[in-house]
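Since the structure comes first, as structure tokens, the remarks are kept for the end.
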Amino acid sequence: MVSFTTLLLGLSAAVGGLSAPAANYFWSSWTDGKAKITQKNGAEGMFSVKWSGDKGNFVIGKGWQTGGNREVVYSGTFNPVGNGYLAVYGWTTNPLVEYYIIEAHGTHHPSDNPEAKLKGNVTSDGGVYELMTKKRVNKPSIQGTATFDQYWSIRTTNRVGGTVTTGNHFKAWEAAGLKMGRQNYMIVAIEGQDSSGEATVTVGVPPAPTATEPAATAA
């Protein structure tokens, strides 16, 4: 899994030689140096990534320099070939926690790891999410090499686009005995692990309405 991230403020249009934050969205990009990726930090909340080679690990995304209770709205496409995640992703400190609210995933489910522990489930935003946790020992983190917990909410049916009410997940984790700390950054992220694929995400823009058949009228 991703741990330590290289953090940059999202940049868009340049004015007078200076770059301005993309609608104040926070941009995060990390790779282990093995992943072959092409990424784009677009205007406003948009970003995209293509990855190939079936090796390496990366996480990129846009969001907020300080996480917390939000109704996170996003839209886009997500097409992994192999293992990948589309998630609201972030960290807390004291305790140090890496967390994922997974909206969609590829071939790998966190429960495939024998160290993962199921802690219940929560219903939020029209779906059911499984709550899981796993210990990471002497792994890279936002505080350097450390031992910390990962918390997961995994949507049981993949979804790409909608609203994620983060507070519902934070409360569910706490109720399950998974303590949260002080919020660090929080992003809508794409992660790839030893896989290929492509994704485009726009934070702050809801998915387009689904077209429906017009109602039949009497002759």
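The backbone N, Cα and C atoms fix where each Cβ goes, glycine too.
Feature list (source: TrEMBL):
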- E98: active site, nucleophile (ACT_SITE)
- E191: active site, proton donor (ACT_SITE)
- 13-204: domain 'GH11' (DOMAIN)
- 1-19: signal peptide (SIGNAL)
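Across the structure, E98 (active site, nucleophile) and E191 (active site, proton donor) are spaced 14 Å apart at their Cα atoms. According to DSSP, E191 (active site, proton donor) sits within a strand segment. Other C-beta atoms found within 10 angstroms of the C-beta of E191 (active site, proton donor) number 28, with every protein chain shown included.
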